[in-house]
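As C-alpha cells, the structure follows; a few thoughts come after it.
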Amino acid sequence: MDKPFIDFLPAITGSFAQPAAENPTVAMVEAAYRHHGLHFRYLNCEVSPQNLKAAVEGAKAMGWAGFNCSIPHKVSVIQYLDGLGESARIIGAVNTIVNRDGKWIGENTDGKGFVQALKEVVDPAGKKITLFGAGGAARAVSVELALAGAATITVVNRPNERAEEVVRNLNKNTPVTAVYHPWTEKYSISPDTEIVINATSVGLFPNVDQQLNIDFDSILPNMVIADGIHNPPQTHLLKTASAKGCKTVNGLNMLVNQGVIGIKYWTGVDVDPSVMHIALKKILNIE
C-alpha cells in the first residue's frame, strides 16, 4: 500500500515593514489558516526601504501568494508592482499585494475593512460624514466611503497640504462632495452629521487617556461614532459616545476585516472572523 503524499511546501504570505516586531497581523492570519486547514503560512519580515525592491523581487521569485506592506512601504512599493486595484489607484497607497497569474497587483484593505465594519452598523451611502485626520488611514477610509456612496465628507485636520490634498483627491476621483475644515481649536461637530470617524492616532495604546480636541457635547445620540484604533478597542471617544446612546464601531473589528479581505485575496476562502478576533484579543490582553 502506497504511503499518502504529504505536502511540505505551504503557500507563503507575509508582511514587509520596518519596524515589524510590533505587528500583530501574523497571529490572527495564522490562526485563520490553522482553523480552516489552509496550507499557507504568514511570515512577518523586517524590510528596510533600501531592501524593498529586492524583497518584492524575492517574493515573486519564490512564488509567494502575496504579502502585506506596512509603514514605511505603502507608497514606495507601487513602483515594483504590475498593477493596482481601483481604490488603491485612487488612494495612491497599497497595503496588500496579490499574486494574480504571476503579476503583483496592489490592493488597499485599510479602507475596505473599515467600511465593512461600519456597514454592520450603518450603511454610509447617502450619509453626511465628519472625518478626523488626513494621514494614510484617513485617505484610505475616505476613498472607500466615497466609493460606497457617502454624500458628503468633512475632513477635519490641522492646517497642512496633506489635508487639502485628501479633499482634492476625493472631489476629483470620486462622486462625493468633500470639504476641508482646519482644526485650529476645539471642534464642534455639525448637528446634521450622521457618521463621525476618528482616523487619527489619538487614544492609541499606551496613550489611552488622550482625547480628541472636540466639543464632546456636540456628539448627538443619533450619530454613529467610529474609531480606527484597535488597542484599546474601547477608546475615550467610543465610551463617551456609548454613554450618550450612540451606536459605535471599534478599530478591532476593522483590523480583523482587513485580514479577512486579505486572506480572501490570497486563498479565495472566506475565513471565520471570530477566530481572528479571539487570537487578537488573546495576544493584546483584551477582555
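Going from the start of the chain as shown, residues are counted 1 onward.
A Cβ is built for glycine as well, from the same backbone N, Cα and C atoms used for every other residue.
Residue environment of Lys74 (active site, proton acceptor) contains 23 other Cβ atoms, counted within 10 Å of its Cβ in all protein chains. The active site, proton acceptor annotation in TrEMBL covers Lys74.
The annotation shikimate binding site is assigned in TrEMBL to Ser70, Asn95, Asp110, Gln258. Sequence-distant neighbours of Gln258 (shikimate binding site) (same chain, 6+ apart, CB under 8 A from its CB) are Asn95, Thr109, Asp110, Lys112, Gly113.
Here Gly251 (NADP(+) binding site) comes close to Asp227, Gly228, Ile229, His230, Asn231, Pro233, Thr235: these same-chain residues lie at least six apart in sequence, with C-beta atoms under 8 angstroms from its C-beta. Among the features that TrEMBL reports, NADP(+) binding site is placed at Glu86, Gly133, Ala134, Gly135, Gly136, Ala137, Gly228, Gly251.
TrEMBL lists 17-97 with the feature domain 'Shikimate dehydrogenase substrate binding N-terminal'. Each residue in the domain 'Shikimate dehydrogenase substrate binding N-terminal' (17-97) has a pLDDT score, and their mean in this model is 95.
The domain 'Quinate/shikimate 5-dehydrogenase/glutamyl-tRNA reductase' feature in TrEMBL is assigned to 121-201.
Summarising the annotation, TrEMBL assigns domain 'SDH C-terminal' to 251-277.
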Cβ neighbours within the same chain of Gly136 (NADP(+) binding site) - under 8 Å, at least six residues apart: Lys74, Ala93, Asp110
Closest of Glu86, Gly133, Ala134, Gly135, Ala137 to Ser70 (shikimate binding site), Cα positions, binding-site residues only: Ala137
Cβ-centroid neighbours of shikimate site Ser70, Asn95, Asp110, Gln258, 8 Å, sequence order: Asn68, Cys69, Lys74, Thr96, Asn108, Thr109, Gly113, Ala140
Sparsest-packed among the binding-site residues, when each Cβ's other Cβ atoms within 10 Å are tallied, from Ser70, Asn95: Ser70
Long-range Cβ environment of Gly133 (NADP(+) binding site), under 8 Å and at least 6 residues apart: Val155, Val156, Asn157, Asn198, Ala199, Thr200
